There are 4 protein chains.
Amino acid sequence: MRVGVLTGGGDVPGLNAAIRAVVKRGEGEHGHSVIGFRNGWRGLADGDVLPLTRQHIRNVLATGGTLLGTARYHPNEADGGIDAVLATLEAERIEALICIGGDGTLHAASKVAEAGVRMVAIPKTIDNDVWGTDRSIGFDTAVTIATEAVDRIHTTAESHNRVMIVEVMGRSAGWIATTAGIAGGAELVLAPEAPFDIDRVVRFLKHRHRAHASFSIIVVAEGAVPAAGTSMEYETQLGRFGEIVAGSVSERLKAEIEQRTGFDTRVTVLGHIQRGGIPTPADRILGSRFGVAAIDAVTRGETGVMTALRGDDVVLVPLADVAGKVKHVPAEMLEVARALA
Amino acid sequence: MRVGVLTGGGDVPGLNAAIRAVVKRGEGEHGHSVIGFRNGWRGLADGDVLPLTRQHIRNVLATGGTLLGTARYHPNEADGGIDAVLATLEAERIEALICIGGDGTLHAASKVAEAGVRMVAIPKTIDNDVWGTDRSIGFDTAVTIATEAVDRIHTTAESHNRVMIVEVMGRSAGWIATTAGIAGGAELVLAPEAPFDIDRVVRFLKHRHRAHASFSIIVVAEGAVPAAGTSMEYETQLGRFGEIVAGSVSERLKAEIEQRTGFDTRVTVLGHIQRGGIPTPADRILGSRFGVAAIDAVTRGETGVMTALRGDDVVLVPLADVAGKVKHVPAEMLEVARALA
Amino acid sequence: MRVGVLTGGGDVPGLNAAIRAVVKRGEGEHGHSVIGFRNGWRGLADGDVLPLTRQHIRNVLATGGTLLGTARYHPNEADGGIDAVLATLEAERIEALICIGGDGTLHAASKVAEAGVRMVAIPKTIDNDVWGTDRSIGFDTAVTIATEAVDRIHTTAESHNRVMIVEVMGRSAGWIATTAGIAGGAELVLAPEAPFDIDRVVRFLKHRHRAHASFSIIVVAEGAVPAAGTSMEYETQLGRFGEIVAGSVSERLKAEIEQRTGFDTRVTVLGHIQRGGIPTPADRILGSRFGVAAIDAVTRGETGVMTALRGDDVVLVPLADVAGKVKHVPAEMLEVARALA
Amino acid sequence: MRVGVLTGGGDVPGLNAAIRAVVKRGEGEHGHSVIGFRNGWRGLADGDVLPLTRQHIRNVLATGGTLLGTARYHPNEADGGIDAVLATLEAERIEALICIGGDGTLHAASKVAEAGVRMVAIPKTIDNDVWGTDRSIGFDTAVTIATEAVDRIHTTAESHNRVMIVEVMGRSAGWIATTAGIAGGAELVLAPEAPFDIDRVVRFLKHRHRAHASFSIIVVAEGAVPAAGTSMEYETQLGRFGEIVAGSVSERLKAEIEQRTGFDTRVTVLGHIQRGGIPTPADRILGSRFGVAAIDAVTRGETGVMTALRGDDVVLVPLADVAGKVKHVPAEMLEVARALA
């Protein structure tokens, strides 16, 4: 059996573990040929193939990035995109496809599956907001990096009345902000799940700095928003690919806080370092388990499903159930972040 | 309300996060007084108290060990132990108790709860084998340390026909061995869940070294055992506190492998470094969530229950369901470890 | 003997190792009393003392920040500053003073020594530009953090024609930029030692992206400047305390590069995370050796000197030789950074 | 010009940085062809060549091990070894040779240079005992790993009267033991430079545990020896390749301490994890600088010299000055380790 594999969307640590698992298990157990497509859906549309062998996956388990490359192209959003994909699959005699990606890729995957292609998806996103799975590939590494940054800022934050803002990723959900905020002992976490009231933020800071502290750390998700009807309002600033412009939220917060409190406020935008480098063990394991589960699933004839972690188990969930939903941080975690400030 | 808290059994990274959460939430939200007991159940039996304030929990979130100390004493196994515990609780006017510990502590906790004490337990063990919860405090840090060790040994294992054995903790379950084996790309994982056949191990090594490799890494849990009826047999060697003597399993394996294959075989026993040092973000978060859940639970009047992680959620499970059971590594993970060797 | 100790200027990892060494050696070997001053020279001027005992220095060896606090106040720059310092020293019967700090503190120290105070200084600065010593406390940790950031950005930099700018500290000297650039394999290092020509930067990027690469990483010191007479000019943007405004250099570079090449250019400003967190072993050792050398020196009656690392040895150099000089990156290292791009 | 390069002896992190620098600088600046020899001197004697190109050195800067492989063979100790080396050099038309290695390789290199080969050596050894250079490649990474292990053991060492022995590498010199001991805050460092008196060790432990502590950490170099005429004596136990058998020193110490004090004593032998994994920035930089210096030197016609770090500078020292000498830990560092216990 010839099985195709691609990685779409932004790269995250742990993708290579998944690709390696698909190849090792596919070849070693099932006798499949595994054909990679370069640069995500773009390579699948263009017929840019890389037949994967044991050689390609040597020493990649502990590396960041994706050995297949990736791109922000989605066939379902481009004219003739799906047709080009189908043409490549036919030309290359691909019998099943494994797509590793986030929101956009999962959506495209479900469209391709509807067009009759045998297809299993693997979720990845440092935002961890894919519905239907406890974890997506890349999240654990991102939290580890963000927490280390908060730790470092903690030990150096000794000047009086200084407010340190650390901006992390998280467009629609505040998973990184909430977890790194709890793990790093931040004083305040601003997540998209709980639109904030700048008046309360300012009151909290003033009270804290007056009462017993000389600094505060705020961890803010790039997608955090002011609550409707409160005294601060802003439009989220978007970049060329629809992503939130790094730092735009923090700079607005900084301006507001400095003006209202007079506290010296500093911004650190973690940016790209959150999505690179050596994957944590948890991300390598998740990638490996999802890769094995996906290749086993297409071999059994499954289609239109996504691998998912549920507690200690790896399961399959219908892509149709996943599409269009965002998995938010549970209220209990938001409360823990608040309670331990 | 006066709430007692203790940590029992071996220490692990993440305990201080839990203690901190109990104190912060207990004081800040509920207005409780939190009374620590030094050195686990021993301090509870002896009345060795440490009233905990904000001061004690400053800067402890990211530290290993336990600020309360711990000991291997269990009141249910000692003459008059339970009575001494009850006497201290009465003398100190403790209305509820939070016990953080592993197997032994959870068992003791259930006995103390049966004696009428309001009691909520929090599971910790680097072995991750507590039944009823996806994770116990300390496991994620241990896996991270063990994986780093396997990574390091990988890059240096270049001499021909050398077999590197890395022994990790795991008495009854092979969670660390299996996860660090997958994450580190080990060639062989030996876990208690799947008793091994030394003949097959030797055949595998001979084949691999003849065919295409110059070294192999075996990750072995201290509690790994040969399958019944196979040609290697041994009694597990136990230390003073009933723990497995570090290195005893590895040295037997090494002797057997060297004799049968002639391959130079080296042993690295990770030992104590697996349970110390800075907790990973995951362990800090787990400790924090469990700590908040436990103090909230005793405040609501819950008793005889344990905090547990189930997927994305923290829940409570009856201690009675947990006792005497071991949570084993799922067959799927063992298969992933095998398939990706 | 009563010995005073203070930390001045920005905090860096390794300060606590030095304080600990002064106290342990001072008490244990020489029988001195060690008196700390809070918040640097400010505390010395104001008489804000913290008598240091074994208790204060427990578990601080591996921590960032400074247990004494610090401030940006210098007595030689304030009206009556030196007099206030002398008054406190007399009131507290301090016979010798150990000052740990960077440029400003070393300058102040030399003024105080000239006023007749027995004084030994210890150099710290993540910029590593103190003249007369191979290393200052804090530098090794900063390089480690900056290198890790470059590593992470490397694995994720896969989009086509993207230029990644990483801005690190280094006002007058490019030690962090050059070392992290070499260690991280950056394509271009911009350091104050070698004013850059934007035309050549642009030509280099265009050639590289046309010829064989899809991305470039530029590590830039905050104090990097364009060469006189070249086509890009800017004034360095300074903050309230005279420090360079984080990101100002990078944003100008980004604008210039994007305009002239059309390549998507992204900026990561490491900022405060460079000076916090757990000190590396090298910084703990340097702090410990400098601390012991300083307390031994004041005990012997030395004054007006600074502890310094020269090769494998710790020596003393006259403060008068240090003042007003900047230690630059050797030409050989700049060439290594260039050659290995 | 055709330049050969090899890595000899045990592998250490940072070798690939040196090889990469030789190739990049050799090709890019000087237009040389760089020819690698596989598995150290063995490959040079056998003519096992690997012509090195840009492709071989991609993404190796941050990796451990050596891409050329290594072996414990030395031509000067083998019959006809030097002749075989000369024959290969002639057959491959190699005009100059760069040898990266420790004691044995440096000795062999000096013999080959005496036979008329243009030769520059680069020192590597985690033991850091090569005379003439402040640092050898691999040392900084080893210290970092050893310190992290001591840190971890510190936080978990809470049981009463327990002595933790951590054994690190260091056959003739105690660089790792002393530096990791200082950085990790060990109570006792045993190094080859200062033969120990077990009576004093025992007195120290008894006093400490009686007076104010519940545990002690001893960092011991594998080559530590008892002082002549003291009450403990042992022969160092050697393995097949003349290396000290891991753990042999620690186990003797443990037995002696347990017998004389009754304190529970535990041994952790770091072993192979000290020499593997990702090189620290310092080791990547040292490898890069030494590689550039070596290829520049052979190009200029230098021979019989070794690259060396002296303070902030890279210099060349005659191999003849290096041979047969061991660089010991300075007395001042041993004293710092003792004073801060």
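Cβ coordinates come from backbone N, Cα and C, glycine included.
Around the Cβ of C:Asp127 (active site, proton acceptor), the number of neighbouring Cβ atoms within 10 Å comes to 29. Per TrEMBL, the feature active site, proton acceptor maps to C:Asp127.
Sequence annotations record features per position, and here TrEMBL assigns ATP binding site to C:Gly10, C:Arg72, C:Tyr73, C:Gly102, C:Asp103, C:Gly104, C:Thr105. DSSP assigns C:Gly102 (ATP binding site) to coil in the three-state reduction, outside any helix or strand.
Residues or ranges marked as Mg(2+) binding site in TrEMBL: C:Asp103. Other C-beta atoms found within 10 angstroms of the C-beta of C:Asp103 (ATP binding site) number 23, with every protein chain shown included.
Mapped onto three states, the DSSP output places C:Met169 (substrate binding site) in coil. For C:Met169 (substrate binding site), the Cβ neighbour count at a 10 Å cut-off comes to 26, with all displayed protein chains included. The annotation substrate binding site is assigned in TrEMBL to C:Thr125, C:Ile126, C:Asp127, C:Arg162, C:Met169, C:Gly170, C:Arg171, C:Glu222, C:Arg266, C:His272, C:Ile273, C:Gln274, C:Arg275.
Taken from TrEMBL, the feature domain 'Phosphofructokinase' covers C:2-298.
Taking a C-beta cut-off of under 8 Å and a sequence gap of six or more, C:Gly104 (ATP binding site) has these contacts in its own chain: C:Gly8, C:Gly9, C:Arg72, C:His74. Here TrEMBL flags C:Gly104 as site 'Important for substrate specificity'.
With C:Thr125 (substrate binding site) as the anchor, the candidate binding-site residues are C:Gly10, C:Tyr73, C:Gly102, C:Asp103, C:Thr105, and the one with the nearest CA is C:Gly102. Using a CB-CB cutoff of under 8 Å against chain A, the recorded positions that qualify from C:Asp127, C:Arg171, C:Arg266 are C:Arg266. All protein chains shown were included, and the count of other CB atoms within 10 Å of the CB of C:Thr105 (ATP binding site) stands at 25.
Comment: ATP site residues C:Gly10, C:Arg72, C:Tyr73, C:Gly102, C:Asp103, C:Gly104, C:Thr105; largest CA to CA distance 13 Å, whole number. Each residue contributes its Cα atom, and for C:Tyr73 (ATP binding site) and C:Arg275 (substrate binding site) those atoms are 19 Å apart. Listed binding-site residues near C:Arg275 (substrate binding site): none (candidates C:Gly102, C:Asp103, C:Thr105; Cα-Cα distance within 10 Å).
Remark: C:Arg171 (substrate binding site) has C:Asp127, C:Pro192, C:Ala221, C:Glu222, C:Gly223, C:Glu243, C:Ile244 as non-local neighbours, by Cβ distance under 8 Å and separation of at least 6 in sequence.
In this structure the alpha carbons, written CA, of C:Gly102 (ATP binding site) and C:Ile273 (substrate binding site) are 19 Å apart.
Each residue in C:Gly8, C:Gly9, C:Gly40, C:His74, C:Gly101, C:Ala108 lies on the same chain as C:Gly10, C:Arg72, C:Tyr73, C:Gly102, C:Asp103, C:Gly104, C:Thr105 and has a C-beta within 8 Å of the C-beta centroid of that ATP site, without being one of the site residues.
In this record, substrate is bound by C:Thr125, C:Ile126, C:Asp127, C:Arg162, C:Met169, C:Gly170, C:Arg171, C:Glu222, C:Arg266, C:His272, C:Ile273, C:Gln274, C:Arg275; the longest C-alpha to C-alpha distance in that set is 33 Å. A count of other CB atoms within 10 A of each Cβ picks out C:Arg275 as the most crowded of the binding-site residues C:Arg72, C:Arg266, C:Arg275.
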